[in-house]
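Note sheet for the following structure.
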Amino acid sequence: MKNKVFRVLGIVLLVIGILMVGYGIYNKVKTNNKQKEMMENFESALNHIKDSNNETTKENKKQEDKKEEIPLTDDVIAIMEIPKIKLQVAVKEGTEMDILNYAVGHFKNTAMPGKKGNFAVAGHRNYTTGEFFLNVHKLTDKDEIKVRTHENTYIYTVSGMEVVNEDALEVLNPTEDATITLVTCTEDGKQRLIVRGKLKE
């Protein structure tokens, strides 16, 4: 009787383990597909802008009309690349959970890319809900963070890293210069890992 109970328990635990692994893989594939779709939409919008800008001056009015029709690409405001950790990820407007599950999110009311002030973004670093910032702890001073918008590509260089409490909202404060702040969880999820950078001259 006891052996039978152990066998059943073992089977149940095995099934639970398989389901957990399967769920993780499912989320990983779903996230990758969403990222691919967002980046393709971003590139499509970028090409649309370039095509509009290349038209002749005779069609200036048409150009203006077309520019107004440029899609918002699902609120994707930029593509972020960090060569050191082989990261390329879409950046969306907002930090709601449904955004952070599939992209890096821009904190509303902080500066936009390349502008004076603190361009602050958040990202997950776990397997099941996005691992975009999984390796940001490997960044060191002078490592580059590239942010490509519809208008330009801005290059920031890492200037520092720190761990703060999860309620340390001062990391989002405005700055005098053009800076970037990456916000993510520490490995145990109890605090926040902050990576700071400055816009390259």
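Glycine is no exception: its Cβ is also placed from the backbone N, Cα and C atoms.
The shown structure was predicted, so the numbers you read here are calculated from the model rather than taken from an experiment.
Quick look at what TrEMBL lists:
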ACT_SITE  HIS124  active site, proton donor/acceptor
ACT_SITE  CYS185  active site, acyl-thioester intermediate
COILED    39-66  coiled coil
TRANSMEM  6-26  transmembrane segment
Looking only at C-alpha atoms, tell me how far CYS185 (active site, acyl-thioester intermediate) is from the residue listed as 'active site, proton donor/acceptor', rounded to the nearest Å. 7
Given the active-site residues HIS124, CYS185, which one is most crowded in terms of C-beta atoms within 10 angstroms? HIS124
